[in-house]
Amino acid sequence: SHVQSKEETDYDETPQEKKLRLAKLYLEQLKEEEDDKAEDDSFETDLIAGRLQEEVVRLMPPDASEIRVLRGHKLPITCLVISSDDKYIYSAAKDCSIIKWDVESGKKLHTIPGGRKGTEDRHVGHTTHILCMAISSDGKYLATGDVNKLIMIWEAETCKHLYKFTGHKGPVSGLSFRRGTHDLYSASHDRSVKVWNVDENAYVETLFGHQDAITGLDSLSRELCVTAGGRDRSVRVWKIAEESQLVFHGHEGSIDCIQLINEEHMITGADDGSVSLWSVNKKRPLSTVKKAHGCHGDAGLEQPHWVASVAALQNSDTVASGSHNSHVRLWKCGQNYRGLEPLFSVPVTGFVNSLKFSSSGQFLVAGVGQEHRLGRWWRLKEAKNAIYIIPLKRKLPNPEEARIPE
């Protein structure tokens with residue numbers, strides 16, 4: 001029994017048992033080393049986890065009446081984040097404002113108003129379009145980045161302004177906190193990635209490599225971030241500690257959005273209308289869906305709808321993509337992430353500029369606007385500048401299977 005004290009076990013042990021115990025110990029050590037190695041090639045484990053989840057999670061499209069619409073921003077929403085406890089949504093828009101929302105009630109808890117151009121010295125907050133935001137996994141810090149090259153750090157709880165980070169020479173296009181830390185990664189149209197220590201209010205280093213404006217950045221727990229290089233048509237994996245980078249190529253257009261699915265895999269979207277799945281260890285996409293959101297235009301001159309946002313339900317096989325064809329699309333990653341199978345579409349009118357799954361996977365949030373987050377190529381007048389909370393309903397297993405034997 002487990003209650004025996006160590007002395008007793010030693011005392012009772014025959015040489016044969018001791019041999020066995022040491023052999024077991026040795027095997028456990030081996031297994032631990034194996035496990036560490038497996039974490040490095042967590043490819044296989046991810047797949048098994050993915051498969052397990054697959055059996056359990058079968059998502060169903062919500063009824064239109066179940067989708068909640070939160071209105072508060074006057075101009076198109078450009079980015080949003082969800083706190084890791086799924087209680088709050090923070091959104092930002094072209095009106096330069098930031099709103100903190102209560103998920104359960106749908107109420108605004110706090111608004112940080114935008115300032116007029118030229119009031120930078122007196123206004124606490126942004127005076128230009130906010131392009132990106134990030135929240136630390138412990139919910140302590142919120143970071144926002146704008147067209148004016150600024151990164152602002154806020155206390156997420158109170159929305160109180162803490163710091164301003166300067167140093168980028170172009171619009172700040174991507175922000176992500178490394179999970180479990182207060183290290184912040186930023187990306188900019190100046191083609192660089194910067195590392196900051198928010199606790200110390202300090203700049204750490206700058207990494208170069210992209211040949212064009214970086215359009216997006218993401219990170220998880222590892223000391224690593226991934227970026228989309230827009231028109232240089234590359235995706236890069238940055239190993240921060242080694243100051244090294246891996247360069248991957250795939251899309252034909254500008255790669256405009258990127259999100260990690262787990263530590264090994266990511267999803268990207270481009271203005272050529274395609275969505276791609278990647279492994280952080282392979283130079284080419286594992287799979288690509290072209291014209292993921294269909295096309296628009298006259299016969300013979302059709303153009304694919306640009307993919308403006310992608311999201312992944314962490315460590316699952318469910319991903320989503322957003323465009324301006326009135327539908328958010330949900331996809332299931334095929335085995336080994338080779339292939340994307342359409343699950344269903346959710347009707348949402350407007351440019352879906354930002355998408356995030358809640359940690360629990362209970363809902364998906366879309367940040368929507370009448371215009372694309374990066375410009376004013378088109379305007380969809382019928383769209384609302386709003387946040388859409390889309391519930392993700394699960395199919396229950398067949399009642400036959402679920403019945404408990406008498």
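Backbone N, Cα and C define each Cβ position, glycine as well.
According to TrEMBL, the protein carries these features:
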type: REPEAT; residues: 70-111; note: repeat 'WD'
type: REPEAT; residues: 123-164; note: repeat 'WD'
type: REPEAT; residues: 165-206; note: repeat 'WD'
type: REPEAT; residues: 207-248; note: repeat 'WD'
type: REPEAT; residues: 248-288; note: repeat 'WD'
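Secondary structure by DSSP for the repeat 'WD' (165-206): 0 helix, 24 strand, 18 coil. Remote same-chain residues near the repeat 'WD' (123-164) are listed as 78-85, 88, 90, 92-94, 96-98, 100, 110, 112-117, 170-177, 179-182, 184, 186, 188, 190, 196, 198, 201, 216-217, 373-374 (criterion: CB distance under 8 Å, separation of at least six residues from the stretch ends).
If you average pLDDT over the repeat 'WD' (207-248) in this model, you get 93. Residue counts of the repeat 'WD' (207-248) by helix, strand and coil are 0 helix, 23 strand, 19 coil (DSSP-based).
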